[in-house]
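Taken verbatim from TrEMBL:
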- 1-15: compositional bias 'Basic and acidic residues' (COMPBIAS)
- 1-36: region 'Disordered' (REGION)
- 83-105: transmembrane segment (TRANSMEM)
- 112-129: transmembrane segment (TRANSMEM)
- 190-209: transmembrane segment (TRANSMEM)
- 251-271: transmembrane segment (TRANSMEM)
- 291-308: transmembrane segment (TRANSMEM)
- 320-343: transmembrane segment (TRANSMEM)
- 395-417: transmembrane segment (TRANSMEM)
- 453-474: transmembrane segment (TRANSMEM)
- 480-503: transmembrane segment (TRANSMEM)
- 637-654: transmembrane segment (TRANSMEM)
- 678-701: transmembrane segment (TRANSMEM)
- 713-734: transmembrane segment (TRANSMEM)
Amino acid sequence: MSSEKHPVESVRDEKIPEDDPVAPIPHFPSEYKGDIKDELGGLEADAGSLEEEELEESIRLVPKIVRELVSMDDDPTLPTVTFRYFVLSTIFIALGAVISQIAWFRTTSASYSMFFVQIVSYWLGNIMARTLPAKDVNLGFFKFSLNPGPFSIKEHVLITLAASAGATSNLGEIIISVKDIFYKEQMHPLAAIFLMWATIWTGYSFAAIGRNFLLYDPDLIWPSALMQTTLYRTLRGEGQSLDVSKKQIRIFWLVLAGVFFWTFLPEYAFPFTSSLAVLCWFAPHNDTVKFVSSGFGGMGFLNFTLNWSNITSNIMVSPWWTQVISFVAFVVSVWILVPIAHFTGAWNGKAFPIMSNRLFMANGTKYPFRELTDEDGHFKQDTWEKYGNVYMSTYNLWGIFFGYATFLSAFVQIFLFGRKKIWSTIQHLRQRKQHSFKDRLNVLMSAYDEVPLWWYITLFICCFSTMLILIHTQDLYLPWWTYVIGVVLGGLTVVPMGFIYAISAYQVSTGTWNELIYGYMAPGTHPVGSLVYRVVAGQCWYRAQSILLDQKIGHYMKVSPRATFFSQLWGNLIGVPINYAVIRWVIDTKRPYLDDTEKDPLGQWSGQAPQSYLNQGIQYGTVGPTRLFQDTIYGPLRWGFLLGVAAPVLMYLLHKRFPRAKFNLWHSTIFFSSMENFYGNVSTGPLSSIIGGFVCMYYFFRYRHSTWVKYNYLIGAAADTGLSLAILAIFIFFGSAKIIQMPEWWGNDQESVEKCYGSPN
């Protein structure tokens with residue numbers, strides 16, 4: 001490449017091989033390697049001071065964006081699992097398990113920020129290294145040092161990985177919460193905890209399927225892993241001058257503090273700022289304007305938000321092309337299809353409240369779903385004939401439609417665009433597994449022992465046995481053989497869904513498809529049985545993705561795979577019992593909002609998640625797709641399967657015919673999955689998010705790339721951390737032991753915080 005020619009222009013002038021698409025699978029021909037990655041938001045701006053041809057071969061095999069953010073050196077002698085590790089990881093697991101479980105019951109919220117864990121654990125780890133005595137403790141069967149020396153970066157990484165595993169909510173909460181909130185069936189605490197452990201670790205064991213395909217390949221960059229890796233190095237001043245490092249830390253704390261204190265306004269004191277319904281300001285008493293502009297129960301058209309909870313750092317992590325696809329899906333779904341259905345009545349759009357996720361009878365009244373099953377969970381045919389079929393809003397109908405399309409699209413997409421990459425990986429596996437990759441990172445990691453396959457197999461057998469025992473001893477309402485099928489089918493999704501996440505940071509939902517399969521296998525069962533199947537099949541993918549993401553972070557940071565694996569199990573051992581305790585706490589204190597007895601003014605404690613899961617459990621598990629599809633309103637849903645196959649084929653053919661048009665970036669699976677998202681309770685956020693995403697992942701990535709490298713992930717981490725801490729503080733001080741309501745004033749209008757009143761009655 002000529003030094004006078006900008007790298008962007010060089011790639012544009014090159015011929016793209018038609019059989020090796022640039023995206024969505026980020027596999028680049030050798031002439032592009034390390035030069036450009038369209039998936040990350042645009043075209044890289046600087047080639048840097050060192051020309052590609054001057055780099056060592058093993059480094060040149062690493063993508064340029066990874067070289068910018070990840071160290072190419074390693075020190076295998078650094079301490080890992082230490083006394084400091086156990087103390088700090090336990091603290092952050094416990095804190096995160098509380099925050100993340102609370103967040104699951106809210107309509108919008110940021111996840112428990114691992115960047116907060118990174119920042120504070122670094123500070124506390126160094127304090128412990130300076131203050132603890134260098135004393136050996138001998139417990140007879142075990143000996144360790146209280147202070148083995150300076151706080152190492154590998155200890156730091158393992159603390160965060162343990163918190164990531166144990167401080168996040170898990171799908172087992174679906175079963176426990178739906179049983180309690182809607183059926184007043186409270187599981188025994190031990191049964192609930194073992195249920196969550198077994199479903200989580202089943203997914204962990206299935207990571208063995210995906211690690212060889214998704215972990216070692218240097219071209220699969222995992223954007224979320226890069227974000228955390230950046231902060232580790234920033235904290236320690238690696239790759240930066242001392243002045244730059246100090247400035248980065250100062251900016252981090254300023255943003256964290258700013259978002260923390262600001263969040264008290266939209267979330268508590270000044271909720272008007274949470275949803276700026278501009279059109280309502282000009283016609284506050286107009287019903288049509290209220291429906292169109294409101295971000296709480298409306299379309300959210302030209303609606304902006306100043307609440308980071310409705311935006312989050314996703315705008316600074318997800319590639320620009322992913323954000324564009326998601327926003328286009330939002331526009332099509334909420335700004336085009338919703339008003340068409342609502343104002344014209346298309347697809348029964350006027351029969352039921354279109355922005356509701358509740359179940360209805362044909363006359364529009366709430367469906368008495370509890371009466372559909374007897375005490376043993378068996379379907380009552382006479383009750384169903386009495387009340388008729390189960391109906392839902394048109395909005396929810398096309399969510400199911402695109403859910404069907406999503407699942408098939410993922411497999412077709414990966415076959416069309418990624419089959420060569422998969423075959424190449426298989427060829428590597430035939431040689432010497434990950435050691436056949438000759439890039440610098442894999443060369444460094446070859447010094448560490450890999451997690452043996454029998455560890456994963458043993459974990460799976462323990463989980464499988466535990467689930468069979470629970471199915472036969474607890475009221476889980478599903479036939480045991482459906483559980484076996486769910487495990488098998490769930491395992492098949494790990495690689496295709498993992499490819500999508502590894503390149504886009506976008507997690508594809510598989511729940512609707514799982515519910516449909518169960519509905520055909522075991523119709524007429526209790527909805528909880530359907531949800532158990534969904535959880536089992538879903539955890540195979542979701543938790544496999546989670547463990548693979550953390551292992552990719554360990555890979556970037558050169559941490560022993562066995563230490564990473566142990567940290568993930570340790571995190572769940574501590575976190576799951578705390579998850580259960582918080583589930584009980586939230587249900588006991590917020591039950592009126594969660595079961596729809598009362599309405600939360602901000603729409604945050606709407607019970608949207610458990611209600612949505614209940615709906616699908618009733619539709620597929622209790623009523624069953626055969627009965628459901630007898631009604632003509634459900635007939636069009638079947639066409640979703642055809643769309644899921646046809647759309648990626650069309651994009652592939654267009655890409656082959658017009659390779660410069662980038663049709664391969666129009667990822668049908670991500671589009672369909674985004675169309676599934678329900679914005680009926682809160683639709684404010686997407687417009688503000690796409691504006692923020694344009695600034696961060698397009699403008700700064702393209703035209704201020706050096707600034708983007710230094711500050712993009714750092715600011716996103718700080719903002720999410722401030723938000724998480726603020727939400728926890730609000731919940732503890734104003735909404736736990738004693739409910740303290742914010743006094744009503746202009747910015748906290750109890751009738752409508754947005755000033756969208758509609759016509760007076």
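Keep in mind that glycine also has a Cβ here, set from the backbone N, Cα and C atoms.
TrEMBL: automatically predicted annotations, no manual curation.
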* Counting only pairs at least 6 apart in sequence, do the transmembrane segment (320-343) and the transmembrane segment (83-105) share 3+ Cβ pairs under 8 Å? -> no
**Asked** Do the transmembrane segment (190-209) and the transmembrane segment (291-308) come together with 3 or more C-beta pairs under 8 Å, pairs six or more apart in sequence?
**Response** no
Sequence-distant contacts of the transmembrane segment (112-129), meaning Cβ under 8 Å and at least 6 residues beyond its ends, amount to 84, 87-88, 92, 95-96, 99-100, 103, 147, 149-151, 155-156, 159-160, 163-164, 167-168, 227-228, 231-232, 235-236, 252, 256, 716-718, 720-721, 723-725
The recorded stretch from 395-417, 453-474, 713-734 sharing the largest number of CB pairs under 8 A with the transmembrane segment (637-654) is 395-417
If you count CB pairs under 8 A between the transmembrane segment (713-734) and each of 251-271, 453-474, 480-503, 678-701, the winner is 251-271
Maximum Cβ pairs under 8 Å to the transmembrane segment (251-271) among 83-105, 291-308, 453-474, 480-503 is reached by 291-308
Would you say the transmembrane segment (83-105) and the transmembrane segment (678-701) are in contact under the rule of three or more C-beta pairs closer than 8 Å, pairs 6 or more apart in sequence?
no
When counting C-beta pairs under 8 angstroms to the transmembrane segment (453-474), the leading stretch of 83-105, 291-308, 480-503 is 480-503
